Amino acid sequence: MDDREDLVYQAKLAEQAERYDEMVESMKKVAGMDVELTVEERNLLSVAYKNVIGARRASWRIISSIEQKEENKGGEDKLKMIREYRQMVETELKLICCDILDVLDKHLIPAANTGESKVFYYKMKGDYHRYLAEFATGNDRKEAAENSLVAYKAASDIAMTELPPTHPIRLGLALNFSVFYYEILNSPDRACRLAKAAFDDAIAELDTLSEESYKDSTLIMQLLRDNLTLWTSDMQGDGEEQNKEALQDVEDENQ
C-alpha cells in the first residue's frame, strides 16, 4: 500500500507536470483509504478531476459546434465522422463522471465528518451529474438532472445550517446550483433567484468575512453578479447567446 504522504506528493508532482490523469490516480488511492481528507487533499482531488473532465467538456463543445454548422450546410458525408468522434468523447466523459461519482459515494461522502467537507462532496456530486446531463439525451438526461438536483439540494441543506453565507464553498455551491437551474433545467427565473439570494446574503455579512477566504469569496460573488447580469439581459431579450461556461467552476481550486 502506498504511503499517504507519498501519494499526495505524487499528485502535486503530476499537477506541476500537468499530467492530470496520473494526478487523479494518486488522489483516488488516497480517497480509497476511507479517511477524512485534509483541505489540501480534497482540493488536489477536485483539481485533478476538474482538469481531466474540463479538457473533454471543451472538446465536446467544439465538436458539437462543428456538427451544428455541418448540419446547416447539409454535409451528410462529414456528419457521420463528426458524430462518431463526438460519441467517442462522450464515452470518455461518461467514464470520468462515473469514476468520481463512484469514489464520492463509496469513500468520500461516507468518511466526511465536517459540514464543510459534506457540502464540498455533495456539491461535487451535483457537478458531475450535471456534466453528464450536459450531453445526455432522453431518459439518461432526465436521470442525470434528477441526480444532480438531489445532490445540490443535499449540499444546500447542510450549507444553510453549517456554513456562513460568505463561506467560499457555500457561495461556490450557489454559483454552480444556479448554473444548473439555468442550463440544465432551463429555469432562468429560479437561477436568478438563487444567485441573487446568495449574493445578497453574503453582502449582508461581508464584515464577518475571514481574511484567508476574502479573495475566494469576493471572486465568487463577482461571478454570481456576472451571471445575474447575463441572465437578466437574456431574459429581457437584450443579450445574444453567449458562452459563459468557464464561470461556474472556478472556486474549486482555491478552497
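Using N, Cα and C of the backbone, Cβ positions are placed for all residues, glycine too.
Since this is a predicted model, take the numbers as computed values, not measurements.
For K50, the entry in Swiss-Prot reads SUMO2 cross-link. Mapped onto three states, the DSSP output places K50 (SUMO2 cross-link) in helix.
Look at Swiss-Prot and you will find M1 tagged as N-acetylmethionine, backed by experimental evidence.
Positions annotated as N6-acetyllysine by Swiss-Prot, on the basis of a large-scale study or a structure entry: K50 (among others).
Look at S65 (phosphoserine): DSSP puts it in a helix. Listed in sequence order, there are no same-chain residues at least 6 apart in sequence whose CB falls under 8 Å from the CB of S65 (phosphoserine). The phosphoserine annotation in Swiss-Prot covers S65 (among others).
K69 (N6-acetyllysine) counts 11 other C-beta atoms within 10 Å of its own C-beta, drawing on all protein chains shown. Swiss-Prot lists K69 (among others) with the feature N6-acetyllysine, giving a large-scale study or a structure entry as the kind of evidence.
For K118 (among others), the entry in Swiss-Prot reads N6-acetyllysine. Counting Cβ atoms from all protein chains shown, K118 (N6-acetyllysine) has 20 others lying within 10 Å of its own Cβ.
Sequence-distant neighbours of K123 (N6-acetyllysine) (same chain, 6+ residues apart, CB-CB distance under 8 A): A151, Y152, A155, I169, G172, L173, N176, F177. The N6-acetyllysine annotation in Swiss-Prot covers K123 (among others).
Here Swiss-Prot flags Y131 as phosphotyrosine. Using a 10 Å Cβ-Cβ cutoff, Y131 (phosphotyrosine) registers 25 neighbours.
Under the DSSP three-state reduction, T137 (phosphothreonine) is assigned to coil, being neither helix nor strand. The phosphothreonine annotation in Swiss-Prot covers T137 (among others).
Non-local contacts of S210 (phosphoserine) by the CB criterion (under 8 A, 6+ apart in sequence, same chain) are absent. Marked as phosphoserine by Swiss-Prot: S210 (among others).
Taken from Swiss-Prot, the feature phosphothreonine covers T232 (among others), and the record attributes it to a large-scale study or a structure entry. The DSSP secondary structure for T232 (phosphothreonine) is helix.
According to Swiss-Prot, the feature region 'Disordered' maps to 234-255.
Annotation comment: Swiss-Prot describes R57 (among others) as site 'Interaction with phosphoserine on interacting protein'. The secondary structure of R57 (site 'Interaction with phosphoserine on interacting protein'), as reduced to three states from DSSP, is helical.
The site 'Interaction with phosphoserine on interacting protein' feature in Swiss-Prot is assigned to R130 (among others). In sequence order, A144, A145, S148, N176, V179, F180, I184 make up the list of same-chain residues 6 or more apart from R130 (site 'Interaction with phosphoserine on interacting protein') whose Cβ falls under 8 Å from its Cβ.
Of all the recorded positions listed (K50, R57), K50 sits in the most crowded Cβ setting, with the most other Cβ atoms within 10 Å. In this structure, the modified residues T137, T232 were compared by how many other Cβ atoms lie within 10 Å of their Cβ, and the smallest count belongs to T137. Among the recorded positions R57, K69, K118, the residue whose Cα lies closest in space to that of T137 (phosphothreonine) is R57. If you measure from the Cα atom of T232 (phosphothreonine) to that of K118 (N6-acetyllysine), you get 32 Å.
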